[in-house]
Structures are given as C-alpha cells and as structure tokens.
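Here the structure is laid out as structure tokens; the discussion comes afterwards.
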Amino acid sequence: MTIIRKKHPLIKIINHSFIDLPAPSNISSWWNFGSLLGLCLIIQILTGLFLAMHYTSDTSTAFSSVAHICRDVNYGWLIRYMHANGASMFFICLFLHVGRGIYYGSYNMIETWNMGIILLFAVMATAFMGYVLPWGQMSFWGATVITNLLSAIPYIGTTLVEWIWGGFSVDKATLTRFFAFHFILPFIITALVLVHLLFLHETGSNNPTGLNSDADKIPFHPYYTIKDFLGVLVLLMAFMILVLFFPDILGDPDNYTPANPLNTPPHIKPEWYFLFAYAILRSIPNKLGGVLALILSILILALMPLLHTSKQRALTFRPITQTMYWILVADLLILTWIGGQPVEYPFIMIGQAASIAYFAIIVIFMPIAGMIENNILDLD
C-alpha cells in the first residue's frame, strides 16, 4: 500500500496534499476551517445537484417548484434547508478563515491570499445568484436592487444592466441565466480551491507564532486528519441543529411570498452574510461611490500585505495591533446589524461612522500600531 501511495501518479498527489504533507506541529483549531470549507463546498454541491433535479428556472413555476420540493419530494424539505443553511455555515467558516489569516499574518503568502480573495468574490457571487432562484419577494427585489447598482458605472452602466437582465427588468431571462451561473460557479470554485491549495503547499502552512516552523514539522495524517475530524463533527452538529430545529431563523419571511414586481417590500435587504457590505454601500449617499466602497470593502484585503509594517508576522505578541483587530471585528458586527436596519436616524449615522472606522482601522491604525510596536521592542 505504501508503494502505491507514494508511486501512483494520481494517488501520489493526494498523498503529498493530505497524508505525508509536512505540517507545523503547533497549529491550533483555527487551522481547521480550510477543511471545513471543503466540507461545506461538498455539501452545497451535492444538495444543490439534487435540488436542480426538481427545480424549474421559469418565473411562472420557480416558486411553485421550490414548494413542490419541500412538500412532495422525499426528504426535499431536508435537502432544501441543508442547501439554504449550508450557505450560512459556508460564510461563517469563510469569515473565521479570513479572520484567522489577518490575525496570524497569513496574508504574507501573497499568491495563496490573493487566490483566497478571488474565491471569496466567487462564493459571494454564487450565493447572491442562489438567493434569487426561489423567486420570492426578497429574491426578486434583491436581484433588482443589486444588479441595478451597475447602472452607476459611467457611460456603459444602463446598457450593462439591461444586458445582464436580458431585458428592461428582472424577468424570465434573468432567472434562467442566474440558474445557469449558480450551477456552474461551484465547480469553478472547486478548481480555484485546488489552485489555492497548490499555492499553499508551495510555502507550507503558517502557525500561531508566525515564526518559521521548518525545524519542527509533523505528517498531516494521522495528527491533523483526526484534529480536523473533530472540527467536522462540531460543524455537522451545529449545522444539523440549525437545519432541523431552526431552518428559517436566518431567512427572510418576505421570501415566502411569490415575487411581485408591483409590490415593493418595506425593507429590501440581502442575506445576513452580505449585511456588512450592504451597510457600507448604503452609508455613502452617492450611487457610484457606494458601489466602489462595496467592492473596496472586500478588495481592501488585497492591500494587507502592503500595509504590514511590523517586523513580526502574527499578532500573537503584539497587544496594540491585537486591540485594533478586535475593534475591527466589533465594527464588522455593528455594520452587520446596521445593514439589517431601515434607512433612518440614528442608523444612517452609525453606519457612516462604522464604515469610516472599517477602512481607517485597516489602512491607518493597524499599520501605525505595527510601527509603534517595532519602536517599543526596538526592532528597527
């Protein structure tokens, strides 16, 4: 068996990636989220595949087909709620994974980090298009509002929006193409994940100290396969509690009303995992400015390697930057809350303050904190 594992051209790749991979001996549970994201992706592809067997991407039957899946298909309700809540688990793992990367300075592995940002954009695009498919009120109006943002692009904006819509409003053509893209994107994401792993295995994993761990490596299997399996059990437990006991807690009640272009819901808002970006978008009165801020709220992650001023990699031994980091986390929670609130006083002011704080902490305060720590520790 050892010979096959090490010699066979295909199994050899798996061996070098998941079995004999040299891993730092001290990586904590924060390093579990990569494998958990892989699990989430597999769950989403499998449940999505079974949903696609029964779903029809036509405006007149889309809503009914989802109801049919829940009522008439064997375990259709389970597959549907696993898919809907699987997206939430996916984003929880994603945010924790990115947060870990920022805390421990993993962004210094630039190729891996940039690939991760591309993956984040791809997953967000997939989730947005998936939310449109049930063709409820929030599906329709969410699609209308978000795609309409592209009209802010000078000169080509309106033409671009009508091209994406396939007409003069969100209609049958839009739903059909969103279904097509929603189906294909997870497979593209899977390919990007392999590239992400390829780049990671060029440098090896980071570790909680941020120091070089070449002198102290252990094989991935059995140590981290067992450790990851514990994470898998915890995730599946939380996931199934969510799916079986509180399946609608993260959804919007408006989406149980079929899409009606003549009736606008009182508060149009996306799923909870987009609320922080939605709050940043809404906090700028200008349409184009809002769109740019929305894109920058994620794209700013690409600047993190350039904004790294400290002589140390991780925040483990850097209390000032640690404080900035946790203020940033609190700020993102505030933005998430604001994104779900109506556009009125005092929420507008809080949203604008939190949006300014978000960019200021990343671009100004964290780099300055790094320089101060260098001086304190006399690392210049």
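Heads up, the Cβ atoms here are built off N, Cα and C, so glycines get one too.
What Swiss-Prot says about this one:
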type     : residues  : note
TRANSMEM : 33-53     : transmembrane segment
TRANSMEM : 77-98     : transmembrane segment
BINDING  : H83, H182 : heme b b562 binding site
BINDING  : H97, H196 : heme b b566 binding site
TRANSMEM : 113-133   : transmembrane segment
TRANSMEM : 178-198   : transmembrane segment
BINDING  : H201      : ubiquinone binding site
TRANSMEM : 226-246   : transmembrane segment
TRANSMEM : 288-308   : transmembrane segment
TRANSMEM : 320-340   : transmembrane segment
TRANSMEM : 347-367   : transmembrane segment
Give the nonlocal contacts of the transmembrane segment (347-367) in its own chain as ranges (CB under 8 Å, at least six residues past its ends).
279-280, 282-284, 293, 296-297, 300, 303-304, 307-309, 321, 324-325, 327-328, 331-332, 334-335, 338-339, 341
Three or more CB pairs closer than 8 Å, sequence separation of 6 or more: does that hold for the transmembrane segment (33-53) against the transmembrane segment (320-340)?
no
Against which stretches of its own chain does the transmembrane segment (320-340) lie, if we need a Cβ under 8 Å and a gap of at least six residues from its ends?
99, 102-103, 269-270, 272, 274-280, 282, 310, 347, 350-351, 354-355, 357-358, 361-362, 365-366, 369-370, 372-373
Fewest neighbouring Cβ atoms within 10 Å: which of the binding-site residues H83, H97, H182, H196, H201?
H201
Using C-alpha positions only, work out which of the binding-site residues H83, H182, H201 is nearest to H97 (heme b b566 binding site).
H201
Residue pair H201 (ubiquinone binding site), H182 (heme b b562 binding site) - Cα distance, angstrom, rounded:
29
Work out how many Å separate H196 (heme b b566 binding site) and H182 (heme b b562 binding site) at their Cα atoms, rounded off.
21
